[in-house]
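For reference, TrEMBL has these:
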DOMAIN    7-169  domain 'Hydroxymethylglutaryl-coenzyme A synthase N-terminal'
BINDING   Asp33, Tyr147, Lys246, Asn280  (3S)-3-hydroxy-3-methylglutaryl-CoA binding site
ACT_SITE  Glu83  active site, proton donor/acceptor
ACT_SITE  Cys115  active site, acyl-thioester intermediate
DOMAIN    179-252  domain 'Hydroxymethylglutaryl-coenzyme A synthase C-terminal'
ACT_SITE  His237  active site, proton donor/acceptor
DOMAIN    272-324  domain 'Hydroxymethylglutaryl-coenzyme A synthase C-terminal'
Amino acid sequence: MADTSPIGIHDLSFATTEYVLAHTALAQHNGTDVAKYHKGIGQRSMSVPAADEDIVTMGAAAAAPLLERHGSENIRTVIFATESSIDQAKSAGIYVHSLLGMGSATRVVELKQACYGATAALQFAIGLVRRDPAQRVLVVAADVSKYELDSPGEATQGAAAVAMLVGAEPALVRIEEPSGVFTADVMDFWRPNYREAALVDGQESITAYLLAAEGCWKDYTEQGGRPLEEFTAFCYHQPFTKMAYKAHRHLLNHCGHGVDEDRVARDLGLTTAYNNVIGNSYTASVYLALAALLDQADDLSGQAVGLLSYGSGSVAEFFAGTVVPGYRAHLRTAAHRAAIDRREPVDHARYRALHERSFPTDGEEHRTPAETTGPFRLAGIRGHKRVYETRAQRPPRHSQIPR
Ligand code: COA
């Protein structure tokens, strides 16, 4: 008989960058009315990686607290979801596995489908735990959102990593069985292998998102999912936080509910607090929305939360999570707020210089300036190999510091 014990998110932690750029500084630079950013797209600031930060340093920083609390003995799989890949062959997860000193009896893989990747990782993790409930899976979602300078997408940039420990009898959120999925071949956002910045048709991407939201909701109901009224809150992928509002209004209309703005505010209000100061973290974004909701809501014990994950190109999935009674004792609210508050504001010129930075491709040794105060840093590149180091006082178990 199939094991039906609940499986879901046992612990969740996020990390973001060393620096932050306020949208007031961006607006001042390009002569835009700042209200377009604050109200029009719902963004107040964006996380900016230091020269020695990337998806690996953020991913390891997000995951380290999970391993400190739970150990790594039962983790036999690490799934790293990203669309900001640093290598076409090697998984960024292997660097994280090494920096965290995890055991060799682990499978590590990287997944990609734009901003949807982490949801695929979560669902695949649930499948693995269903097969062996004694195992846990570490899911790391990390991205640096980078558009061309002075392009419409620039104001929606950001960077962050979310790490989730997926297991049986989870302490935070049980992920329910029915899932609604949707795929359509559209070119709303993409990044060819030879480009660092993504290409995007912004208005097309909004239309594609809404179509996908409708499509995965339709499939969700056909799979026997809950009716809309049963959800206490909805966590959407938030490329900019106003997109969640657009999507939710669209879904309410589609379901024949009409749009009651008080209801929309109630359904989404607590989910945007992290994304509106971090910016788009691509595949991590929907899970930052979940973190913001769990960290701020009074008590969601036993209540259903809807999650809508969208990745351009495009794939979307709607699924439900039930919040586990007692979850508040396991939250990392103070650490999450500290990750946001510790960022150092940069002016526009510094942000621009960081944006334009890229590694030479000559295979020589290039060291990065020591900027981050986070636990891990990208020390440089040598012989086409990225070199990471741990900034802890004591030497790491598997040091990668160049000799
Ligand atoms: N005060 C208040 N609101 C203002 C404003 C002002 N002075 N000026 C403009 N706005 C509003 C607009 O009305 C619009 O809101 P609406 O969509 O509810 O009508 C919003 O601000 C954005 O304005 P718009 O002219 O559409 O901005 P844009 O052409 O610069 O593009 C994006 C916005 C989101 C398309 C662009 O940032 C982008 O390409 N982002 C990357 C792709 C992305 O995030 N896609 C989302 C789906 S994955």
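Each residue, glycine too, has its Cβ placed from N, Cα and C.
Predicted automatically and left uncurated, TrEMBL annotations should be read as such.
Working note on the recorded positions His237, Lys246: by count of other C-beta atoms within 10 Å of each C-beta, His237 ranks first.
Among the active-site residues listed here, namely Glu83, Cys115, His237, His237 has its C-alpha nearest to that of Asp33 ((3S)-3-hydroxy-3-methylglutaryl-CoA binding site). Residue environment of Glu83 (active site, proton donor/acceptor) contains 26 other Cβ atoms, counted within 10 Å of its Cβ in all protein chains. Measuring Cα to Cα from His237 (active site, proton donor/acceptor), the recorded positions that fall within 10 Å are Cys115, Asn280, out of Glu83, Cys115, Tyr147, Lys246, Asn280. Highlighted here are the recorded positions (Asp33, Glu83, Cys115, His237, Lys246) whose C-beta falls below 6 Å from ligand 1: Asp33, in sequence order.
According to DSSP, the domain 'Hydroxymethylglutaryl-coenzyme A synthase C-terminal' (272-324) comprises 19 helix, 17 strand, 17 coil. Broken down with DSSP, the domain 'Hydroxymethylglutaryl-coenzyme A synthase C-terminal' (179-252) shows 36 helix, 15 strand, 23 coil.
On a Cα basis, Glu83 (active site, proton donor/acceptor) lies 24 Å away from Lys246 ((3S)-3-hydroxy-3-methylglutaryl-CoA binding site). Its own atom aside, the Cβ of Asp33 ((3S)-3-hydroxy-3-methylglutaryl-CoA binding site) has 10 Cβ atoms within 10 angstroms in the protein chains shown.
In the three-state DSSP classification, Cys115 (active site, acyl-thioester intermediate) falls within a strand. Asn280 ((3S)-3-hydroxy-3-methylglutaryl-CoA binding site) and Cys115 (active site, acyl-thioester intermediate) have their C-alpha atoms 9 Å apart, to the nearest angstrom. In sequence order, Glu83, Asp143, His237, Pro239, Asn280, Tyr282, Thr283, Ser285, Val286, Ser309, Tyr310, Gly311, Ser312 are the residues near the residue listed as 'active site, acyl-thioester intermediate', counting only same-chain partners six or more apart with C-beta under 8 A.
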